[in-house]
Amino acid sequence: MHSKFFAASLLGLGAAAIPLEGVMEKRSCPAIHVFGARETTASPGYGSSSTVVNGVLSAYPGSTAEAINYPACGGQSSCGGASYSSSVAQGIAAVASAVNSFNSQCPSTKIVLVGYSQGGEIMDVALCGGGDPNQGYTNTAVQLSSSAVNMVKAAIFMGDPMFRAGLSYEVGTCAAGGFDQRPAGFSCPSAAKIKSYCDASDPYCCNGSNAATHQGYGSEYGSQALAFVKSKLG
């Protein structure tokens, strides 16, 4: 009843009225929305991306978030047994579907991407294109719509296996690259929106031998990552 009255009132305002769809978007769409993608074998939800996801939510009251729904697996029975390659392919598709769908519903909402480990890899490919040849993913196109890319204001990747030292957005002590590192000369069209964190002792995003390093980026770089996001959101 109230919604019908509200709509009728708007229509009665004449040509100068704000379009109804625009009003409905303002009533239902947040100013900022965060997508989080978890690491391999993490339980459904945000996994270790939660540090930055929650930081953004706390810094911007009224902002919202959702987790990317994908296997996050590497063949382990605990995550359903999907191979890493299959999980990555499903993850890239899930990122594209979730972000593009949200953007079509809330085209004025600023978007933040936060991916940890495999979660960073799938977001990296979806946003930057270039494919993921080591995992058999040969589609090199950017998977997000141009409208969605425009509204992605910041992207944080932590422990991303596609890390390659020397790219403009790479941060940390790693001077090498991950097991799915980008090829020499790769250029991401959204490079200015990204910070990707990896340290030398990490065996997944770099060539180190300390697996514990891989789980420490939230505490090591969380504040720095949040500051970058804030600088991009304005």
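Positions of Cβ are set from backbone N, Cα and C atoms, glycine also.
Swiss-Prot lists 1-17 with the feature signal peptide.
According to Swiss-Prot, the feature disulfide bond maps to Cys29-Cys106 (among others). Secondary structure at Cys106 (disulfide bond), as computed by DSSP, is coil. Of all Cβ atoms in the protein chains displayed, 19 besides its own lie within 10 Å of the Cβ of Cys106 (disulfide bond).
The disulfide bond annotation in Swiss-Prot covers Cys73-Cys79 (among others). Counted within 10 Å of its Cβ, the other Cβ atoms near Cys79 (disulfide bond) come to 17, all protein chains included.
Long-range Cβ proximity for Ser117 (active site), meaning a same-chain Cβ under 8 A and a gap of 6 or more residues, is found for Glu39, Thr40, Ser48, Met158, Gly159, Asp160, Pro161, Tyr204, Cys205, His214. The annotation active site is assigned in Swiss-Prot to Ser117 (among others) on the grounds of similarity to another entry.
Note on Cys128 (disulfide bond): other Cβ atoms within 10 Å of its Cβ, all shown chains, come to 27. What Swiss-Prot records for Cys128-Cys188 (among others) is disulfide bond.
In the three-state DSSP scheme, Cys206 (disulfide bond) falls into the coil class. Taking the Cβ of Cys206 (disulfide bond) as reference, residues of its chain lying under 8 Å away and at least six apart in sequence are, in sequence order, Phe163, Cys174, Ala175, Ala176, Gly177, Gly178, Cys198, Asp199, Ala200. Annotation comment: Swiss-Prot describes Cys174-Cys206 (among others) as disulfide bond.
What Swiss-Prot lists as disulfide bond is Cys198-Cys205 (among others). Other C-beta atoms found within 10 angstroms of the C-beta of Cys205 (disulfide bond) number 34, with every protein chain shown included.
Around Asp202 (active site), the C-beta neighbours below 8 angstroms that are at least 6 residues distant in the chain are Gly159, Cys174, Gly208, Asn210, Thr213, His214. The active site feature in Swiss-Prot is assigned to Asp202 (among others); the stated evidence is similarity to another entry.
The N-linked glycosylation site feature in Swiss-Prot is assigned to Asn207.
What Swiss-Prot records for His214 (among others) is active site, and it gives similarity to another entry as the kind of evidence. Secondary structure at His214 (active site), taken from DSSP and collapsed to helix, strand or coil, is helix. Around His214 (active site), a 10 Å sphere centred on its CB holds 23 further CB atoms from the protein chains shown.
Cys29 (disulfide bond): 15 other CB atoms within 10 A of its CB, across all protein chains. Between the CA atoms of Asn207 (N-linked glycosylation site) and Cys73 (disulfide bond) there is a gap of 21 Å, rounded to the nearest whole number.
Considering only the disulfide-bonded residues Cys73, Cys79, Cys128, Cys188, Cys29 (disulfide bond) has Cys128 as its nearest partner by CA-CA distance.
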